Structures are given as structure tokens and as C-alpha cells.
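According to Swiss-Prot:
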type     : residues                      : note
DOMAIN   : 5-245                         : domain 'PABS'
BINDING  : Gln36, Asp111, Asp143, Gly144 : S-methyl-5'-thioadenosine binding site
BINDING  : His67, Glu91                  : spermidine binding site
ACT_SITE : Asp164                        : active site, proton acceptor
Amino acid sequence: MSKVPGPIVLMEPLSGKTSLIIKINAIHVSKRSKYQGILIVDTDDYGRTLVLDDYIQSSYYDEIYYHESLVHPAVTTHPRPSDVLILGGGEGATLREVLKHNTVKRAVMVDIDGDVVELSKKYLPQMHQGAFDDPRSEVRIEDGFVYVENALKRGEKFDVVIMDLTDPYSSDIAKQLYTPEFFGKVKRLLREDGIVVTQAGNSFYFPEAYDYVLQGVKGNFPIIAEYSVWIPSFGYAVNFVLGSLKHDPHSLSAEEVDKRLSERGVRAEFYSGKTHIALMNMPVIKKILRV
């Protein structure tokens, strides 16, 4: 660990013209992998933070809002989620949340960057909380696109696919995983009542990228849910798009959500029946241009 002797700050770009400035107290990791720049630092306001290619991915103090919102609406909406595929999510927090559901028998996490996974195991224990060692976990270091294509050839099937990738506009690593064609492959990988959910960046600063992801999901799934949640360390509300082949997350009551969470032994800090209803009724925030 390198202590920061003077004021060093991270400037995270929110858009091409706006940045979030964050004071760094200590640097644990600063390196470039084969695929991206990796930074793990300590900050006052957000705690230990993972940064990839200058974009914050997760921070100790607020990561639950992102990961619980990404995972639980989809997994809870499915009545019997047994097999779950996670694309991305190298720090292990998405895997952690998936494994809270005792119905899950197999959770496959596929991340292209093995350095992120190994560094997260060492420096981000509060995020993964031992999820990598759970006997239900299967961690694969490979391109998510290639994994999905090969899984289709093998005849694999999943109940839920969770896409916890870098933003569609932040780097080139995951761009091909946001295309309509790829969502079509995901649809084929799902069982007949399967669900996919993806983070979709920010609809305010990058409306075109968000709409591209949304239309890709809409073109392949009959049931759609759009929702968002404010993430302080991101400096914006992150958007999510859920696509379902049968089960509608809007149809669940708060009581039914709480019942499923209780029956499955899920202990969440943010997500609940009331939170589910709120998320499903959250408007998508976009710029309102007045001339």
C-alpha cells in the first residue's frame, strides 16, 4: 500500500464535460492489465474503491445499492432460480448477492480480466465476502461473448443472466455484449421462463447509449422493466434494463417479494418489497432540453 503524502485526487469523467473529483488517501493497486487500467484506492467518502479505466466500478460504502438493485429484482422475480450466469462482476459482489438465494444451485461468473478477479480476492474482501469459495460458484476467466457462444453449443441453460459489465461507453471491452444480436444469444441461453438484467450506464449523460441497450433488450424479450438507483460514488443514477420471457417484475407485490426473500434466506440491506415497488415505478431520467 502506498500512503498518499499530499492531496492526490481521482477525476472520474461523468461525461465529456463533467467530472467527479475524489480525494485519494492510499493506493493499494495501480497497474494496467492486458485489457484495462486497474486502480484500487482508499477514499474518505466512499471507502475502498475499484476503478477501471478511470471509471469507478464499486466502493465499499455504497456498493450494496448497485449490486442489490442489479441482482435481486431479477432473481426474486423468477419463482425458482437455480442456474444463474453472471457476465462481468470481477470483484465478486454480484456473485455474493446471487448466492444469498438458497434456490441457486449453480452460479457461473465469467470475467475477461483475471487480474481484476485476483486483485479483488486480495484487496476487496468486503465485496466478495468469500463468494469465490462457495461450492456453488464457478469462476471462468474468458470473454463473455465466447462463453455464451460455447455454452449454446454445449446446450447449457440458465434461469437468470446478469450482465455486470463496464459501461457501454466507458471502454471497448464489453461493447459487443450490448448489441441486439448478443441479447438474442442470451435469450437462447435462457430457459423458457428466463430473465436477463443488465446495467445500462446513465440515461442522462449518455441517452443514446442507454437507448441502444434498451432497444436491444426490447427486440428480444416481451416483458421489459427499466429502473435506476442513485450511486453516490458514481455521481449519477445508474440505469438497469430487465428483460423477461414470462415473469413480470411489475406484477409482484411488496408482500410477495418479502415472502420470497424470507423463504430463500436472503438478508439484504437495501432491497425489500417496498424497494422493489419503488424501483419498478422509477422514471428514467433524461435531459429536458428547453429552447
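Placement of Cβ uses the backbone N, Cα and C atoms for every residue, glycine included.
Location within the structure of each feature annotated in Swiss-Prot.
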residue: Gln36; record: S-methyl-5'-thioadenosine binding site; DSSP class: coil
residue: His67; record: spermidine binding site; DSSP class: helix
residue: Glu91; record: spermidine binding site; DSSP class: coil
residue: Asp111; record: S-methyl-5'-thioadenosine binding site; DSSP class: strand
residue: Asp143; record: S-methyl-5'-thioadenosine binding site; DSSP class: coil
residue: Asp164; record: active site, proton acceptor; DSSP class: strand
Inter-residue C-alpha distance, Gln36 (S-methyl-5'-thioadenosine binding site) and Asp164 (active site, proton acceptor) (nearest angstrom): 16
Local Cβ density at Gly144 (S-methyl-5'-thioadenosine binding site) - other Cβ atoms counted within 10 Å: 24
Closest of Asp143, Gly144, Asp164 to Glu91 (spermidine binding site), Cα positions, recorded positions only: Asp164
Inter-residue Cα distance where the pair is Asp143 (S-methyl-5'-thioadenosine binding site) and His67 (spermidine binding site), in Å: 21
Candidate with sparsest Cβ neighbourhood (10 Å radius) among Glu91, Asp111, Asp143, Asp164, the listed recorded positions: Asp143
Environment of Gln36, Asp111, Asp143, Gly144, the listed S-methyl-5'-thioadenosine site - residues of the same chain whose CB lies within 8 A of the CB centroid: Tyr35, Leu87, Gly88, Gly90, Val110, Ile112, Asp113, Glu142, Leu165, Ile173, Ala174
Number of other Cβ atoms within 10 Å of the Cβ of His67 (spermidine binding site) across all protein chains: 26
Gln36 (S-methyl-5'-thioadenosine binding site), number of other Cβ atoms within 10 Å: 21
